[in-house]
Amino acid sequence: MSTPKIIYTLTDEAPALATYSLLPIIKAFTGSSGIAVETRDISLAGRLIATFPEYLTDTQKISDDLAELGKLATTPDANIIKLPNISASVPQLKAAIKELQQQGYKLPDYPEEPKTDTEKDVKARYDKIKGSAVNPVLREGNSDRRAPLSVKNYARKHPHKMGAWSADSKSHVAHMDNGDFYGSEKAALIGAPGSVKIELIAKDGSSTVLKAKTSVQAGEIIDSSVMSKNALRNFIAAEIEDAKKQGVLLSVHLKATMMKVSDPIMFGQIVSEFYKDALTKHAEVLKQIGFDVNNGIGDLYARIKTLPEAKQKEIEADIQAVYAQRPQLAMVNSDKGITNLHVPSDVIVDASMPAMIRDSGKMWGPDGKLHDTKAVIPDRCYAGVYQVVIEDCKQHGAFDPTTMGSVPNVGLMAQKAEEYGSHDKTFQIPADGVVRVTDESGKLLLEQSVEAGDIWRMCQAKDAPIQDWVKLAVNRARATNTPAVFWLDPARAHDAQVIAKVERYLKDYDTSGLDIRILSPVEATRFSLARIREGKDTISVTGNVLRDYLTDLFPIMELGTSAKMLSIVPLMSGGGLFETGAGGSAPKHVQQFLEEGYLRWDSLGEFLALAASLEHLGNAYKNPKALVLASTLDQATGKILDNNKSPARKVGEIDNRGSHFYLALYWAQALAAQTEDKELQAQFTGIAKALTDNETKIVGELAAAQGKPVDIAGYYHPNTDLTSKAIRPSATFNAALAPLA
């Protein structure tokens, strides 16, 4: 590469809208410093369009940018800023396909039950786009996530609201005690490179190959586990009864987006059990209209619209009768009657549990009020972490954002580590029997008894990423002089193998004076919470799932959101992936923008990632201008926080676009004031003056654009001209940036 490049990703929903405003500013400020800022489209719509070129006209076709970035991530030149994207559930996938079809893209329909070879191929291609299809491709490194000092200081000065806790709160986590993934896990260490075969030997002796070939490397850990359908159903039935008896809300917390094979099936089992009476009574007609429990009870409401009105009313009445008998469900939207069981992707454990803990352990009930809640997290692997936090809050009260310590994370995720890489090795078992994993010589590595309907899965964790993860943990512990805790459970087969590797690889480093320990997740939570309450920091060194969960849990307690985290992925080949926060893509922000022209998305995550990206580029390419841009951007970000120029929540107040103006103003002022680079100083002195002189006018033009509905001709694939006009409504601001373009 001659010119150093930063790749800025185009994604979905609120961050995608914000990009229309922020990207022109980034390009304007970096253009003169020998830095090319390019975009690549990894949005849901973009990935759909790139996957089906043979259905499209030449002008509609686009390149497969995700595949290109996946290759780039394995090179030292990678410098990618990754914004949150949709991890599509089936309902979202179908909605995006429909929108594109209406825009003239002749994409095939999503075949729920493919019959022909063509339909099977179409479904397989669509299914690759489903769930968390982006992050595993780009994450060719492990994760370093922490709250930057400026953000932590701001949170201490301006604490977010935390709900008070009562010692007699009835809220708790409910998990299985047998028959889950945790209880059944087995693991093996791979001796030589090659591949393994996964097959089901049924009771009658017949054999079905579930996956013919999965490549493995020497030193890799593989594990397998089973979620028993019968054990899950028995557990759910008992918990429904218990919630009714205790008078608490029933809520279910899974991750149907990322765990796109296993969790929708578990969700479906819970829906089946809860609505059993109504679903059994109408089983025949529901089968005819194609209702799928895995898509939630919302799918039933959508599909019964094709039935005669009398039949619709009968089914709806029977569902209401279920609600009268069952415990009250936690609500996603009590005004609209949308329950926790409507859509699998509405309640996602890593976001929903911290929100519940922050709200005094309560969730919203059908009456629009907060109530104590039973949080059902079926598998035991990580459920205990949340139960410990609840117990701690019941004993000591809510956390205090003005004094609490921080829990930065070093997470193992490179090369699709652990559960988050298991989707292509997860199966719903069709018949009773045994699942066997064998190597190329036929040697048996793993074996498990299964019953029809069970979920069986295999996970992998390669040796090089584990070595890199241990190195990153030691580096962060040394750099910050903070205790580092490996969250590993010796009672789990997989973790026992990882512990052996961690103990071995720690010997490669000088750890004198460092506090590095290995604790089970439950013990690690207790240890970290005790330190948090003393105002002390503790590094969590975790596997892939806890990386995801904890980088929501602790930041939401500390900062009120996980979107304000610095999220760096030092790629194993030397490049950098800079993720903008750890939150999602905020569909409610888009809804508000379309209804009233107000975008409340906070781009702080993008500001932090851009500064880290510029710093990486400056060091990698010996580009001092990039380092000046990075340090002045950090100053500007700090000033936005100090002067309270982040987006508010309602029309008439500053929104995302206003915060971008202030970023440009403060960044230009910092560049004009610095003396390290005279060229940049001279170039930005005039810009800083123009923005300063026109502050009132620009703020007025941005405010005038609020308060009315906005039409951008699409949700997943909006019209670029209409969106740009809506997101950049200040002619004065646009003109001030023009000389830099």
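Using N, Cα and C of the backbone, Cβ positions are placed for all residues, glycine too.
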Item to check | Given Swiss-Prot lists SER132, ASN135, ARG139, ARG145, LYS255, TYR420 for D-threo-isocitrate, the same-site residue among ARG533, ARG547, ARG600, ARG649 | outcome: ARG547
Checklist entry - CA-CA, which of the binding-site residues SER87, ASP548, SER585, ARG600, ARG649 lies nearest SER132 (D-threo-isocitrate binding site)? => result SER87
Checklist entry - About how far apart, in whole Å, are the alpha carbons (Cα) of ARG649 (NADP(+) binding site) and ASP350 (Mn(2+) binding site)? => result 23
Checklist entry - What are the non-local neighbours of ASP350 (Mn(2+) binding site), defined as same-chain residues 6+ apart in sequence with CB under 8 A from its CB? => result LYS255, ASP548, TYR549, ASP552, LEU553
Item to check | Pairwise CA distance, ARG600 (NADP(+) binding site) versus TYR420 (D-threo-isocitrate binding site), rounded so that it is a whole Å | outcome: 31
Item to check | Cβ neighbour count (within 10 Å, all chains shown) around SER87 (NADP(+) binding site) | outcome: 24
Checklist outcome for this item: Taking every pair from SER132, ASN135, ARG139, ARG145, LYS255, TYR420, ARG547, which the record gives as binding D-threo-isocitrate, the longest CA to CA distance in angstrom is 20
